[in-house]
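Taken from TrEMBL, the feature 5-phospho-alpha-D-ribose 1-diphosphate binding site applies to Arg25, Arg90, Lys91, Lys94, Glu116, Asp117, Ile118, Ile119, Thr120, Thr121, Gly122, Gly123, Ala124. If you look up TrEMBL, you'll see Thr120, Arg148 marked as orotate binding site. Feature annotation from TrEMBL assigns region 'Disordered' to 177-204.
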Amino acid sequence: MPTDIRQLAAVIDATCRLQGEFTLRSGTVTDEYFDKYRFEGDPHLLQLVAEHMASLLPSDTQVLGGLELGGVPIATMVSALTGLPAIFVRKQAKTYGTCRLAEGGDFGDRMVTLIEDIITTGGAVRNAAVALRELGANVHTVVCAIDRSEPGANTLHEVNLTTLSVMTKADLNEARGLNSRHSGHDPSCPESRVSGPRQVAASG
């Protein structure tokens with residue numbers, strides 16, 4: 001399995017990019033769809049992504065905040081790798097049982113690093129950060145597997161959130177080109193690590 005970012009991007013692109021006819025949330029019909037749950041449901045790919053994400057965690061992280069739905073399996077894996085406790089943040093608090101926005105242990109007055117699978121506009125992350133802060137958490141950073149935001153679309157810095165990602169939309173597009181040119185090549189062939197995850201956008 002790959003450990004370098006370009007190889008990992010190539011495997012994830014090949015695994016998640018589906019061909020066919022798909023209707024998007026906007027109603028647009030497309031012949032291509034990126035199914036992120038394909039890598040999240042693969043234990044080997046999930047662990048590789050989680051290892052890279054763990055290396056990006058701020059040193060003062062005390063709690064991992066996995067965002068519903070895609071951030072939950074990743075946060076669980078990162079928690080297992082690091083020993084850090086995790087909470088699971090709903091889009092909205094449920095109206096029964098504990099009636100909590102975030103399930104898991106205590107997070108008040110603790111440094112919570114948000115965990116997300118893919119960021120496109122950052123709306124869900126923004127909402128989660130604001131809500132957790134209102135409940136007493138300290139939230140300054142979100143670590144995501146893939147930042148697919150267009151230039152200027154990720155405005156999380158406006159709410160004092162630093163965004164760190166393992167890979168970007170550009171990485172996936174480059175990987176797609178490599179996969180197309182080398183369709184007979186197995187991109188999952190293991191290689192030594194030559195590069196690590198990167199910081200994509202930071203707050204001031």
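In case you wondered, yes, glycine gets a Cβ from its N, Cα and C as well.
Those TrEMBL annotations? Automatic predictions, nothing curated.
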Cβ neighbours within the same chain of Ile118 (5-phospho-alpha-D-ribose 1-diphosphate binding site) - under 8 Å, at least six residues apart: Lys36, Gly70, Cys144, Ala145, Ile146, Asp147, Arg148
Secondary structure at Ala124 (5-phospho-alpha-D-ribose 1-diphosphate binding site), reduced by DSSP to three states: helix
Surrounding CB atoms that lie within 10 Å of the CB of Lys91 (5-phospho-alpha-D-ribose 1-diphosphate binding site), all protein chains: 12
Arg148 (orotate binding site): tally of other CB atoms within 10 A of its CB: 21
